[in-house]
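For reference, the structure discussed in these notes is given below.
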Amino acid sequence: MREIVHIQGGQCGNQIGAKFWEVISDEHGIDPTGTYHGDSDLQLERINVYYNEATGGRYVPRAILMDLEPGTMDSVRAGPFGQLFRPDNFVFGQTGAGNNWAKGHYTEGAELIDSVLDVVRKEAEGCDCLQGFQITHSLGGGTGSGMGTLLISKVREEYPDRIMETFSVVPSPKVSDTVVEPYNATLSVHQLVENADECMVIDNEALYDICFRTLKLTTPTYGNLNHLVSAAMSGVTCCLRFPGQLNSDLRKLAVNLIPFPRLHFFMIGFAPLTSRGSQQYRALTVPELTQQMFDAKNMMCAADPRHGRYLTASALFRGRMSTKEVDEQMLNVQNKNSSYFVEWIPNNIKSSICDIPPKGLKMAVTFVGNSTAIQEMFKRVAEQFTAMFRRKAFLHWYTGEGMDEMEFTEAESNMNDLVSEYQQYQDATAEEEGEFEEEEGEN
């Protein structure tokens, strides 16, 4: 079957990952000891997308946990599903990366990377037909960003034809955890543009907003934030794990969402988001789901899709619903808001329907959109980067680990190129065909 190898790196990646495994285990009826207690054969039918079956009928996540310090992993191990993971798959150092991308990518991380790759190989060899890798990490710290991107490039070398999907937490505009975030994030994006197939962009501020505004939580914790992310993550691969009328997988997603190879940074959303108390009063309809799914407040990254245009989008529905209704709603959205979709890609929304809804819901939908508005986020990071880099602030921490200023300059210009590519396609119309061809001839 189509297996996925899950890798989580750094504090953020491990916390999101731990939450994700709680959600997935719940969907498949796996308890914290790895035993199956479900009520439907469908839960077991394709459980091997995410789990290996061990002796005595135990199910073990195909997950690799890596970090440069033991702290977060100890808390994962002590957490509710900590005993589920394979002990050999915890790979950690003792030194920490200290929020320094260079430590994660070139020094500390480089020493640990081979032991991580051994575990990755071992998991990949146990697969019948490996679909790809999914990685959860943040771009603001040192391990998830530096070592995460190092791992991505190494895995890319060894498995060039497998899909590499990342769930990357980007530094938020207002909530900053570390001063050097813009450096770490820019250096990471520089890597992700080249080596990843699909990047789902998440940021904490947008998640906080969803918790405050929509879920009416007064004091959201990281646990609440990570729960939102894992709901969307589970939706992306739901079609691989449960039967459906219209299937999708990581590769189909990539083919339908990426019109140009570098533009693979997606916004994700999830609907229905209702506060815990008011859940039982709402029967959701497909039009309501569609409405909420395209709502800017629903996006898990702080970029407003109304400021750009969708190149492509994908709606992954879950639950029993009529295919006809889904198709009608998708057409409806495109016709009514046609100015928000580029006209030179007709029918640019892909939909898929999976029969099994998430726990506690009749219907749900995960939204993945490739919008040119995501450039707002890169612009924001680039401005902060330039402000510091112009004065060479904090640079000695990076050059001290053997990095060169050149690498910063390259990363900066790569990110600026990315922004202008998004802008170019946002402004493009169907009539300008001739001009594009001439431009490409000159390059």
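Cβ coordinates come from backbone N, Cα and C, glycine included.
Keep in mind that this is a model prediction, so the values were computed, not measured.
In the three-state DSSP reading, Gly144 (GTP binding site) counts as helix. The GTP binding site annotation in Swiss-Prot covers Gln11, Glu69, Ser138, Gly142, Thr143, Gly144, Asn204, Asn226.
Per Swiss-Prot, the feature Mg(2+) binding site maps to Glu69; the stated evidence is similarity to another entry. Here Glu69 (GTP binding site) comes close to Phe92, Gly93, Gln94, Thr95, Gly96, Ala97, Thr143: these same-chain residues lie at least six apart in sequence, with C-beta atoms under 8 angstroms from its C-beta.
What Swiss-Prot records for 429-443 is compositional bias 'Acidic residues'.
Among the features that Swiss-Prot reports, region 'Disordered' is placed at 424-443.
Using a 10 Å Cβ-Cβ cutoff, Asn204 (GTP binding site) registers 25 neighbours. Ranked by Cβ neighbours within 10 A across all protein chains shown, the binding-site residues Gln11, Ser138, Thr143, Asn226 are led by Thr143. Sequence-distant contacts (6 or more apart, same chain, Cβ under 8 Å) of Gly144 (GTP binding site) comprise Gly9, Gly10, Gln11, Cys12, Gly13, Gly104, His137, Ser138, Val169. Every protein chain considered, the tally of other Cβ atoms within 10 Å of the Cβ of Gly142 (GTP binding site) stands at 29.
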